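Structure first, commentary second.
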Amino acid sequence: MASATEDPVLERYFKGHKAAITSLDLSPNGKQLATASWDTFLMLWNFKPHARAYRYVGHKDVVTSVQFSPHGNLLASASRDRTVRLWIPDKRGKFSEFKAHTAPVRSVDFSADGQFLATASEDKSIKVWSMYRQRFLYSLYRHTHWVRCAKFSPDGRLIVSCSEDKTIKIWDTTNKQCVNNFSDSVGFANFVDFNPSGTCIASAGSDQTVKVWDVRVNKLLQHYQVHSGGVNCISFHPSDNYLVTASSDGTLKILDLLEGRLIYTLQGHTGPVFTVSFSKGGELFASGGADTQVLLWRTNFDELHCKGLNKRNLKRLHFDSPPHLLDIYPRTPHPHEEKVETVETTETSGRTLPDKGEEACGYFLNPSLMSPECSPTTTKKKTEDMSDLPSESQRSIPLAVTDALEHIMEQLNVLTQTVSILEQRLTLTEDKLKDCLENQQKLFSAVQQKS
């Protein structure tokens, strides 16, 4: 159990939006924070003292989702105006816009390598876009209601999505097929995501629950009922050991996934909390909600997570359902004193590219937004001295083989650990059997002596 000195604390307070915060993301370098709001604006906050915050103007309706690209030089946003925008996260805030769906777009998510972007919409579809080719690739259709969220797995092989049809679906990005389906008869998931190792998914439920599923064996591992309102968002700590949740009951809760219990309840917002996210290093996390404020928290408790790495690996191999958390009482809530951060804002806007439709052959990126993640020129320069293969499919073969080998090695590692655990259990069983036989022999001898 963490001591009081390791409690998370409120570090900074940001206020600049005029309506509820819907989504936020911390930059990969940990120096910036992007927020989206019902006020139709994006804001980019800099963590340097007395630094300006930049307000990005362009969307015509609620901004529903925002995310930094893996290298931090692009910012993607989704809106109820049915568009997705790609911004350069600087003072000028140049952007490109494309009409992504025929209904409001609910989420955007970059693949870990930055080559693809997934969008989820109320038109019941998930769409995948190539940042390399700068165009639409394919749609995923199987949901029968609004799709609220879609996320890539860390290796990019899978996409997980959740919908108001009360299902969570796992998609194979290679064959574009739904390979698994989790159903719920009570409520639907507002948010879903993979853990950093890609072995599990967690869902934030409208029925006040948080569920963790193992995608390798398609089994529910953990089921938390610790909120008194719908759960709107979750975020995994990079160590895989912790999960932070945001709820309409106005609280944030931190779950210890190794021990399967609630360890912190954080109170700082004065209304429903809609979004929360850990930084890439896990030392910070940010939250936003209906009170229009953004809170930046210092994690603290993650300093000891390295000690539990071996325990974590063993935990992943144990598929028995853990105790249900209905009877687990949380710690005393930790109200934190607000530290108001006054931030000067600068209005910025960008140039809109003409809409060419999702099937158009034209590029959807403004050339000025080209980055190492999506630039064909950059990629060509990196590879021209390594191969002269003429076709794109031929160039992708070595990468596919490498990914397959890495996946095989991961599975072999899991099997090795599984065998080790089985050997330990077998040894314990043999010891217990030996004790039983010895006790039986003693009882038999005692009976013979009495007779």
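The backbone N, Cα and C atoms fix where each Cβ goes, glycine too.
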Quick test of your reading of Swiss-Prot: among 4-43, 84-123, 404-443, where does it put coiled coil?
404-443
The repeat 'WD 1' (16-55): which same-chain residues, six or more beyond its ends, come within Cβ distance under 8 Å?
61-68, 70-72, 75, 77, 79, 87, 89-91, 93, 272, 274-281, 283-294, 296, 343-348
Which bits of the chain, at least 6 residues beyond where the repeat 'WD 5' (183-223) starts or stops, bring a Cβ under 8 A of a Cβ in it?
145, 148-149, 151-155, 158, 160-168, 170, 229-236, 238-240, 243, 245-247, 255, 257, 260, 316, 319, 321-322, 324-325
